[in-house]
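Novice: Attaching a single structure in C-alpha cells format; questions to follow.
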Amino acid sequence: MRKKFGIIVALIALTTLLSGCTEINEPITPNSDGIWNTIFVYPVSWLITNVAGVFNEGYGLAIIIVTLFVRLLLMPLNVKQIKSSKAMQEIQPKLQEIQKKYTSKDANTQQKLQQETMELFQKNGVNPLAGCLPILVQMPIFVAMYHAIMRTPEISTHSFLWFQLGSPDYILPILTGLFTFLQQKLMMSTNTSMNSNPQMKLQMQIMLYVMPIMIGVMAFFFPAALALYWVTGNIFMVFQTLLINKPMMAKK
C-alpha cells in the first residue's frame, strides 16, 4: 500500500513538474515550447478547436464532445481500476486477520506477515499495484484537458446555452458538486470493506461531503468552460459507475 501511495505521489510530482513550468495564462499554439505543450496540451486544444469548427464555432459543444470522447477512451482503464479495488475490498477481512496474527515489529514476524500477505494476493489473483496503471495514464490527460481549456484563447470569447465560456457561472458549480456527490455515493454503496473498518468508513463519509463542496467552490472562481468540462466528466462518471456496479447491486 505504501509503495502504491509512493507511485501516486511521484506521478503527481512529475505531472506538476511538467505542467508547472508553463504559465496557465499563456495561450497554447502550435509553436508552444516544451514536451508538455507539444505532446499533451496542444493536441487536446487542436481537437477542441476542430470539433468546434464542425459545429459552427460551438466551443461549448466541442468541450462536451471531447470530454466524452476522452472518458470513453479511458473507460477500460477505469473498469480495470474499479475491479482491482473491489478485489482488494473482498480480501480485506482475511488481510486483517493476517495483520492481527503478526503484530510484532521484529524482522522475522514482519517477514512472515509479508509472505502470508503475498500468498493471499496470489491465491485470489489480486495485484495491489494494479490500480496504479490507470492513474498513471489518466492524470496527465486530465491535467492536459484543464490546460487546453484554460489556454485556448478562442474558447473564452464564445458562449454556450446561458453562460459565457470565459466567465464564471453560478449554476454549473452547483451541478459540478451535485454530480461529484452522486458519483462518490454510488462508489461507496458497493464498498463492502467499510463495514469492517469504522475508521475507513468515517474517512469516506467525510470525503463524501468535503470533496463535492471543494470542487463546487473552486468552480465558482474558474471560467464556465472549465466547470462545463467538470460537469460533463462527472455526469459520465455517474453513468459509468451505475453501469459497472449494476451486477453487484443486483446481487445485494
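Every residue number used here counts from 1 along the chain in the order it is shown.
Using the three backbone atoms N, Cα and C, a Cβ is placed for every residue, glycine included.
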Novice: Need the matching range: Swiss-Prot marks transmembrane segment on one of 34-54, 160-180, and I'd like to know which.
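Specialist: The range carrying the transmembrane segment annotation in Swiss-Prot is 160-180.
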Novice: Which bits of the chain, at least 6 residues beyond where the transmembrane segment (206-226) starts or stops, bring a Cβ under 8 A of a Cβ in it?
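Specialist: Distant Cβ neighbours of the transmembrane segment (206-226) are 59-60, 63, 146, 149-150, 155-156, 160, 163-170, 172-174, 176-178, 180-181, 184-185, 188.
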Novice: For the transmembrane segment (59-79), could you work out the same-chain residues 6 or more beyond its ends whose Cβ comes under 8 Å from its Cβ atoms?
Specialist: 44, 47-49, 51-52, 133-134, 137-138, 141, 145, 149, 154-155, 158-161, 165, 225, 228-229, 232-233, 236-237, 240, 244
